[in-house]
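Okay, structure first, notes after.
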Amino acid sequence: MTSTLTPRRPRPPAQPATLRARRLPAYAAPAIAVAALLLATGLVYGAGIGGPVLVVVLGALLYLVGLFVATNAVEGRRSARNRTWSALIHSAFVLAVLPLASVVWTLVSKGSERLDGNFFGTSMNNIGARDANGGAYHAIVGTLEQVGIAALITVPLGVLCAIYVVEYGRGRFAFTIRFFVDVMTGIPSIVTGLFVLAFWVLIVSPWFNDGRPSFSGFAAALALSVLMLPTVVRSTEEMLRLVPAPLREGAYALGVPKWKTILRVVLPTALPGIVTGIMLAIARAAGETAPVLLVAGGGAAINVNPFENNQSSLALFVYQQAGEASKYSPARAWTAALTLVALVLVLTVAAKLLARRNQLGR
Amino acid sequence: MAKRVEAANVTAYYGGFKAIENINLTVEPKTVTALIGPSGCGKSTFLRSINRMHEVLPGARVEGNLTIDGQDIYDRDVDVTAVRRMIGMVFQRPNPFPTMSIFENVVAGLRLNGVRRKSILEESAEKALRSANLWDEVKDRLGKPGAGLSGGQQQRLCIARTIAVEPQVVLMDEPCSALDPISTLAIEDLMFQLKDKFTIIIVTHNMQQAARVSDRTAFFSIEKTGDPGRLIEYDNTQKIFSNPAQKKTEDYITGRFG
């Protein structure tokens, strides 16, 4: 064996003589998929080791291997890697969507059982374990009022806070605010519930209530706004930072004062993103159970006054019905869950449409 | 309408960094003055300090005297927004407001400063767009978004937006550097027309452009990186480009340096 000391020179990639290359026919990928599935079925049922789930998993793996081998043989290594990674990325997407589709399907199929007028028109007042009807009217009212009040508190506060941090805040104070907003993001909802219970329900509410502490929907709204605030501040902050500096300068150069520039140029530009952030916060708050249970107390009767006495909410209703010893309550829980998701969906779509109306069409 | 701009011992800083030092220069009304010089020599900094846009950046400040028709614009009692209304500015990259239509962009300065009446807005929009040579191209789509125009049209839209508030002085910071030759020509033609009404100060990297459009030219330069920019020579454009007094100016203009 002759050993030479000449180091291997990096060679430039060989230039192909022609730009055309051999390609797998268009039917190749589906054909490999079908073959992989058939092979997987044969293997799984032939050996008797599993059911349809294993067939799909094994089939997917066989498809990836088959695709790589076939492409490698015909089109070359680079193309084989490309196809395999594309297939992997698409499967990641499918895997991510599967649970979502499953949740929606479960909600719709199980929730449609009690999707009737009675459910939306009545409360759980005087409904016993043997009664088939009973509804979530009181819970829907509670959710709407609590989330509505929480949004009324949080949106102005959060947006103004973000404007301060981005546009006016300098130095240590703004830094401190950002830091504590970040800390607030991590507060568990049960802790905000306990905080409002200790502060509002036990200390403040007796002043309005002849010295007796009182649960109320408003207390729940307070707890929810503590939860929503960091989300609103952070997302608004990010969106305001995305507005290009030349837009601000353009407005300043026209002699527009800073506050008006923010109000009329910066905020409209960032509006769609801010609305998305607010809707995320609202969706999160609408799904909270623990704080509502702690400070609004729940309840079976309709109470439209958020400032006095127990109120329920949809999330709390789901929690309570799911644990109730009655053969009718699971159906009520499913329908309430479906209602909650539909409510958040409708609110989000409405808010997005409103925000888009402000944008000009291209 | 046009006013005289006088700078005396103007020095500008970015935090601890001195960007320009002791600039003395007088710009006569109804002329076009070009600021030329190598990159980083402080032309744009000086331009931005004329309408107090320099101080928008955190830590930036200006020393010395800048007056417009004898009024000190850095006086403690001066309202910054009034200065900027009097001294408009066009930026290097066109920056129309993306949420506004063409019409709203042109009248943004008026509307955001409190003008409400529709007839006034429409009249000044048409006037500004005509002055910016853009009216014929956009008159049928005033409600369309400003960001949908071509780069050259966007820049003329920004010029229209600037002159709609009827400033006395218009500052232009390399207004053609992002544009193709035809759009550049359109904007240079525009400068000739605008000179009747406004005092124009333009920063440009393009010496042919300076020679074409300006009456007076100021040459800025720096000794080396990190030094503050200084005004080397300021004279009639004809003189600067044919027979400059300073060796440095000649070297720059003939392409031996910079």
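Each Cβ is built from the backbone N, Cα and C atoms, and glycine gets one as well.
Curation does not apply to TrEMBL; its annotations are automatic.
In TrEMBL this protein carries:
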{"type": "DOMAIN", "residues": "A:140-355", "note": "domain 'ABC transmembrane type-1'"}
{"type": "TRANSMEM", "residues": "A:26-47", "note": "transmembrane segment"}
{"type": "TRANSMEM", "residues": "A:53-74", "note": "transmembrane segment"}
{"type": "TRANSMEM", "residues": "A:86-108", "note": "transmembrane segment"}
{"type": "TRANSMEM", "residues": "A:147-167", "note": "transmembrane segment"}
{"type": "TRANSMEM", "residues": "A:179-203", "note": "transmembrane segment"}
{"type": "TRANSMEM", "residues": "A:215-233", "note": "transmembrane segment"}
{"type": "TRANSMEM", "residues": "A:265-286", "note": "transmembrane segment"}
{"type": "TRANSMEM", "residues": "A:333-355", "note": "transmembrane segment"}
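Panel annotation: around the transmembrane segment (A:179-203), residues 161, 213-216, 219-220, 222-223, 226-227, 229-231, 233-234, 288, 290-295 of the same chain, lying at least six beyond its termini, place a Cβ under 8 Å from a Cβ of the stretch. Taking residue pairs at least 6 apart in sequence, the transmembrane segment (A:86-108) and the transmembrane segment (A:147-167) share fewer than three C-beta contacts under 8 angstroms. Non-local neighbours of the transmembrane segment (A:26-47) in the same chain are 54-56, 58-60, 62-63, 66-67, 70, 83; each lies 6+ residues outside the stretch with a CB under 8 Å from one of its CB atoms. For the transmembrane segment (A:265-286), same-chain residues at least 6 beyond its ends with a Cβ under 8 Å from one of its own Cβ atoms are 143, 147, 150-151, 154-155, 158-159, 163, 167, 224-225, 227-228, 231-232, 234-236, 238-240, 242-243, 247-248, 250-251, 256, 313-315, 340, 343-344, 347-348, 351-352, 354-356, 358-359.
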